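Residues annotated as compositional bias 'Basic residues' in Swiss-Prot: 951-965. The feature compositional bias 'Acidic residues' is assigned by Swiss-Prot to 974-993, 1003-1016, 1026-1035, 1080-1091. For 919-1091, the entry in Swiss-Prot reads region 'Disordered'. Marked as repeat 'TPR 1' by Swiss-Prot: 90-127. The repeat 'TPR 2' annotation in Swiss-Prot covers 128-161, and the record cites sequence analysis as its basis. Residues or ranges marked as repeat 'TPR 9' by Swiss-Prot on the basis of sequence analysis: 412-443. The annotation repeat 'TPR 15' is assigned in Swiss-Prot to 713-746.
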Amino acid sequence: MASVYIPVQNSEEEVRVVLDQLPRDASDILDILKAEQAPLDLWLIIAREYFKQGKIEQFRQILEEGSSSDIDEYYADVKYERIAILNALGAYYSYLGKTETKNREKEEQFISATRYYNKASRIDMHEPSTWVGKGQLLLAKGEIDNALQAFKIVLDTAPDNVPALLGQASVEFNRGRFSESLQLYKRALQVFPGCPAAVRLGIGLCRYKLGQLDKARQAFDRVLQLDPDNVEALVALGIMDLQANDSIGMRKGMDRMQQAFEIYPYCASALNYLANHFFFTGQHFLVEQLTETALAVTTHGPTKSHSFYNLARSYHSKGDFEKAGMYYMAAIKETNNNPHEFVFPYFGLGQVQLKLGELKGSVFNFEKVLEVYPDNCETLKALGHLYTQLGQNEKALEYMRKATKLDPRDAQAFVGLGELLISSDTGAALDAFKMARTLMKKGGQEVPIEVLNDIGALHFEREEFESALENFKEALGDGIWISFLDEKENLEQTGVSVLGYKDTGIFHRLIESGHSVDVPWNKVTTLFNLARLLEQIHKTEAATFMYRLILFKYPGYIDAYLRLAASAKAQNNLPLAIELVNEALKVDDKNPNALSLLGELELKNDDWVKAKETFRAANDATDGKDSYAILSLGNWNYFAAMRNEKRNPKLEATHLEKAKELYTKVLTQHNSNMYAANGSGIVLAEKGQFDIAKDVFTQVQEAASGSVFLQMPDVWVNLAHVYFAQGNFALTVKMYQNCLRKFFYNTDSQILLYLARTHYEAEQWQECKKTLLRAIHLTPSNYTFRFDLGAVMQKSSSSTLQKKKRTADEVRSTVAEAENAVRVFTQLSAASDLHVHGFDSKKIQTHVQYCSHLLEAAKVHREAAEQEELQNRQRLEVARQAALAEEARRKAEEQRKYQLEKRKQEEELRRLKQEEEKFQRIKEQWKSSTPGSNKRKDRVEDDDGESKPSERRRKKGGKRRKKDKSSRARHYEDDEEEAATMDDHNEVEDEDANTNYNREDEMTTQEAEEPVDDDAHDLLAAAGLEDPDVDDDEVPTSGVRRRRALSSSDEEGELMEESHPNSSPQKEKEESNGEAGDPNMEEEEEEEEAN
């Protein structure tokens, strides 16, 4: 049993104080310590013992008395003990300030601690323990940098000061510098291996933050070896076990948390983890107790944030969104609005705000979550839905598409994407829903009815009725509807019709026969869609049965009443349709759809006043926000303006202006409403503003063409009407024809009537008649078309007879048209129910008389036209015979010219062939001649004496050749004369040719008798000839050169007859050179070659 001894003053006796039996009133001990003037270290020992025993007041009383001014004055020379007492008080108040939850009290405690540390520094400003205390105080106040400076002051003078090392390690840990903190903890342990277990706790926390989980676990286990009741180590190991994500680890983790809670019930971390455990077990009352306790015992921001989060989650799961939101915001506040510290409260708050309709706040918080986890699919899906509700579809699609890319196996993400795409891209929406269905089936999940219904509805809107039917059947499963779909039940025998919609006997009979007529509430919509599909594919009886089945099980299902009313309207049973709509209004007398349909039926029933009141009621039921009701009122005003046959201009203008106002109101609310835009265009067209109306109709047409949900043939018809009013009949016809083909498969008689009117105005009578015949074929009971056909034939006949020039065929056609018109009008006049169709018998008789008159006139015109046609045929026959005779003469003349040309070509070819043969003979003769070298030399020597006479003879021979050439030219000019004369000329030419040939022979003989020297090749070259035996490369390569050689040979033959027989070859060479230099000679040669 530990004791301390207080020495008695002026005596050797001592007062023994047992530390375990300290008095409850510290005043007794203080009296002894003061009376005996006990050493200050005893004061400190006794005060510390009181603190250990939890007697904080006695501890504070003793230390405050030990730091009083009297004590300071009495123990002025005792520095260390006085400093120790002051530092103990500073540490105590630092602890109070750290644990205080109220800011004001916290600040007061820190001020007291600061005062004691400053007083200790005044005693000795270099005391390390004082700086360590100051560092701890600054660390508790959150002044990390100042705390670091305080610890450094100590470590600069005493590097191995363990408290300073531990303080600096704590600072580095709070600064996130876990490696540096770990080194400082290890250094402190090296300096003092026997330090408390808390040092190893710091090492474990550093290693945990650094991701060294195994070494961290070793450190925490060592702490528990040294201190089995260390709560922090138990909590740390419990967290690590829980993070293992397996059943064994989670069980061990919760056991450690429970153990820590039993050791110290005020450990906030243990309380939070226990609360989290009980949240998942559904024990919310324990969650609230534990988190409230944790909040009461901790001031640590992150720990309090976790406590608020647990409390918020508990209220959130119970549906108390107001409290949940409040605690989520408290959790966020404890993290200083930094989502990176603790992001879960942001996600929870976003969910709560979404439930409460605070969409923008929800978006803000989910965006904060994305800052920390940008690839979190749940957050992306939530933001996709939020932006959809805010009307920002582009952003919504962006987030949904990102979610599907990040997790292609998330079926719900594809469902959300499909819901977003329904209004903009049905194909992509259908693909998304199909992908979701595939993923669900692969995952073994049951595909929700809603998904199958959406897939079926999209197929239905795309007119893929078979696929829609399969999906609706899959969504509905087994039921009575299967029997009717497979035609196992005879609908006719069952007695299904719209008329008996109140008769429930059919269903009672089915129940009695063993059939189940149950319709689960979550299948009603799909069953309605199935009935709508059957109605679309003309299985009206089966659809009627489905609607009646829905009403049998759910009498308040208004849409079923409205579809039955639509069926009755299609059968032209307006009273039954009105009765069914009234039944729907009994369920909800302010249903805008029912009121709008009732107004339409009343309008069709020509009950204008009631229709207007009904449309107003539909508009009031939606506070003026229902576009259909406003459009119906606008249509009513338009029809009212057009209804009055007398056309009161003032009333008409009033109704049109009101209609325009209502259409504009709809466009203001929904600027993409094409029906309102179409109505505005109609009003503009009625006012004569055709260009503006045309622009409006064109824009509506383009918008409607880009939508698969919307079919608007009306806008095509209206646009055609505008073209018609502007007189552009070609475009009008094209628009009507396109509308017929695109929307009505060329079977709408009313549009055919519009088309016929256009042809009529364009005076295209035959096209008009064909169009009316098509309309009559489609609706043979419509006598209006027959009357119009008769009028068209009447007009066609009249216009043909009024022509100044017309053929007999046209007149005969006119007679046929007039006869048909008489027949049509006669048939109409014989009908007994003319008044039903709005015809006047007197007016029809007038048409009959007029057509009969046309017929008589047409017959007269026909006879005249036939006579004129006969005369024209006779004139044409005479002209044809004359033309044939002229053609025969022309062909004979062409044949004669052709024969002459052919004969001329043959003669030319024969002449060229003879010249070629002569050339070949001359070549052979020159080759066979043997030249003499001595005679050549003699010729060369005599060249100078014979040059001039030879030149004169050259000129004389040139004139003869010119004369011969002109003779030949005259020969070619006479080719146009008669055949007999041509024969005489040919004989003359043949004689001339023979004469020339004989002269050439004589020249050749004379030349052969003369000796030839070694320069014979040069002579050949001068005459235009070359010896092929001398040099093969010098053979002439063109026909022109050959012809020049022949010409030269002819001239030489003539010259040789006139010259002296002893003339030398040298003179002949000079003469040949003279010919080569004569330009007239060259021209004559060129003319001959051309001919």
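Glycine is no exception: its Cβ is also placed from the backbone N, Cα and C atoms.
In the repeat 'TPR 15' (713-746), helix, strand and coil residues by DSSP number 28 helix, 0 strand, 6 coil. Sequence-distant contacts of the repeat 'TPR 1' (90-127) (same chain, six or more residues past either end, CB-CB distance under 8 Å): 59-60, 63, 67, 79-80, 82-83, 133-134, 136-137, 140-141, 157, 296, 299.
Helix, strand and coil residue tallies for the repeat 'TPR 1' (90-127), in that order: 31 helix, 0 strand, 7 coil [DSSP]. Counting residues per DSSP class in helix, strand and coil order gives 27 helix, 0 strand, 5 coil for the repeat 'TPR 9' (412-443). The DSSP breakdown of the repeat 'TPR 2' (128-161), given as helix, strand and coil counts, is 28 helix, 0 strand, 6 coil.
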